[in-house]
Amino acid sequence: MQSLFQQHLNQLQALAQDILQTNRADGIWIHAGEEQYHFLDDQTKPFKINPLFNYFVPHTHAVGSWLYLDGVNKPHLYFYQPDDYWYLHEAAPQAFWTAEFEWTILKHADDIKTHFHDLDRTLYLGEEVALAQAFGFRQINPQKALNYLHYQRSIKTDYELHCLQQAQFAALKGHQAAQAAFFDGQSEFEINLAYLRASEQSDLSVPYGNIVAINQHSAVLHYTRLQTQNPPQRLSFLLDAGASYLGYAADITRSYSFDPNDEFAQMVQVLDRNKLVIIEQMQVGYNYLSYHTMMQQAIAAILHDFDLVRLPAEQIFEEGINRTFFPHGLGHLLGLQVHDVAGFQQNRRGTHKAPPEVYPSLRCTRNLEANMVLTVEPGLYFIPMLLQAWRNHPLAKQFNWQKIDRFTAYGGIRSEDNIVITANGAENLTQNALTALGG
Ligand code: GLY
Ligand code: MN
Ligand code: MN
């Protein structure tokens with residue numbers, strides 16, 4: 001792990017040099033971030049570390065800490081560790097990465113000021129813009145520097161790939177426990193507790209709000225309500241829940257039919273298979289959009305095969321009916337952020353490629369490159385609001401409304417794996433971890 005991290009940091013040092021050169025600067029201060037208060041309150045929001053700090057430093061709780069880089073000398077960590085008996089402040093950790101930094105302990109937040117120099121030739125990267133201005137920084141979050149960093153973040157180092165692989169294990173343990181809790185008859189609220197316990201996370205440490213959805217709740221794409229009551233009838237379950245490892249996220253979804261032999265269960269299986277077929281086809285050099293389009297075509301075929309829409313698959317696709325049932329993107333880049341940066345950014349300079357108008361929710365328009373990590377997460381949902389638009393359409397009579405209305409009670413299906421693009425195709429991090437766990 002230590003040598004993986006050393007290589008990672010060496011690559012980032014080279015990047016820091018490039019950034020300094022293009023910004024005509026001598027140094028970069030990266031601020032981990034400060035606690036943010038709720039409006040008119042003395043309670044703080046959950047702390048979320050500046051991902052750029054976390055990119056260099058494998059520590060997610062370093063509130064009030066700073067990192068200084070000049071691209072040549074050892075990165076210098078100014079670690080905030082006040083004397084405080086109200087809150088726990090992390091002690092300076094001893095870990096595989098700590099020897100790679102120069103260390104200074106800050107006892108008072110203001111002490112950092114004494115370490116600043118030549119501020120007009122120094123970049124500030126962080127969220128506390130007003131504070132940075134008050135300190136006298138002139139180059140605050142310059143877009144050129146962010147573009148470089150974001151682009152590099154979309155191509156993972158071996159250290160990052162290791163972290164992303166590790167994050168899968170905790171998430172999958174949670175998924176196993178949640179699956180058992182669903183079939184055991186537990187409520188969304190209880191299933192969520194089972195997930196958190198098995199994955200050893202709190203509801204504040206998960207990388208995104210768990211989506212624990214029984215029946216039609218699974219048609220609400222970002223459903224996070226958690227009902228304590230059970231519905232009268234149990235039909236289906238969708239769990240979209242992750243975990244993180246040193247800040248790197250897993251983002252995994254599984255869907256189930258309560259009756260493993262019914263038609264909805266078959267549809268879950270078919271969607272799952274389609275996901276794996278798409279992953280098998282992924283190749284360096286092809287645009288992510290082409291796989292999204294392929295999946296839209298596969299959804300059109302499923303609508304035909306399950307007799308939900310009585311038109312040939314090609315026509316379902318031409319008419320865009322599939323988009324009503326699969327209204328989100330195939331997936332997104334994954335890393336320190338669940339929806340990781342640079343999904344649309346084509347190069348270091350920051351050229352932006354928007355998704356096509358017909359697929360506004362697609363979060364990635366990149367050509368695939370080795371060491372990109374992405375999710376592949378097709379879905380098929382029965383969303384009353386979107387279906388409504390077809391009820392008065394000239395093609396309405398081609399829809400099998402009786403069946404669609406029956407499946408509306410099941411909500412929907414999503415199947416989501418996390419993959420890394422390799423020189424020869426794609427490796428499935430989620431399936432790797434499942435195999436290692438013997439499942
Ligand atoms: N969990 C959010 C997503 O799958 O994108
Ligand atoms: Mn997800
Ligand atoms: Mn996702």
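Keep in mind that glycine also has a Cβ here, set from the backbone N, Cα and C atoms.
Predicted automatically and left uncurated, TrEMBL annotations should be read as such.
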With D251, E416 listed by TrEMBL as binding Mn(2+) 2, identify the candidate in D240, D262, D272 belonging to that site.
D240
Given that TrEMBL assigns D251, E377, E416 to the Mn(2+) 1 site, pick the one from H217, H222, H332 that the record assigns to that site as well.
H332
Quick tally, other C-beta within 10 angstroms, D251, E416; top of the binding-site residues is D251
Tell me whether E377 (Mn(2+) 1 binding site) sits in a helix, a strand or coil according to DSSP.
coil
Please report the Cα separation of E416 (Mn(2+) 2 binding site) and E377 (Mn(2+) 1 binding site) in Å, rounded to an integer.
4
Among binding-site residues D251, H332, E416, close to ligand 2 by Cβ (under 6 Å) are D251, E416
For the domain 'Peptidase M24' (163-423), mean pLDDT (0 to 100):
98
DSSP-assigned states of the domain 'Xaa-Pro dipeptidase N-terminal' (3-151) in counts, ordered helix, strand, coil:
55 helix, 27 strand, 67 coil
What binding-site residues in D240, D251, E377 place CB under 6 Å from ligand 3?
D251, E377
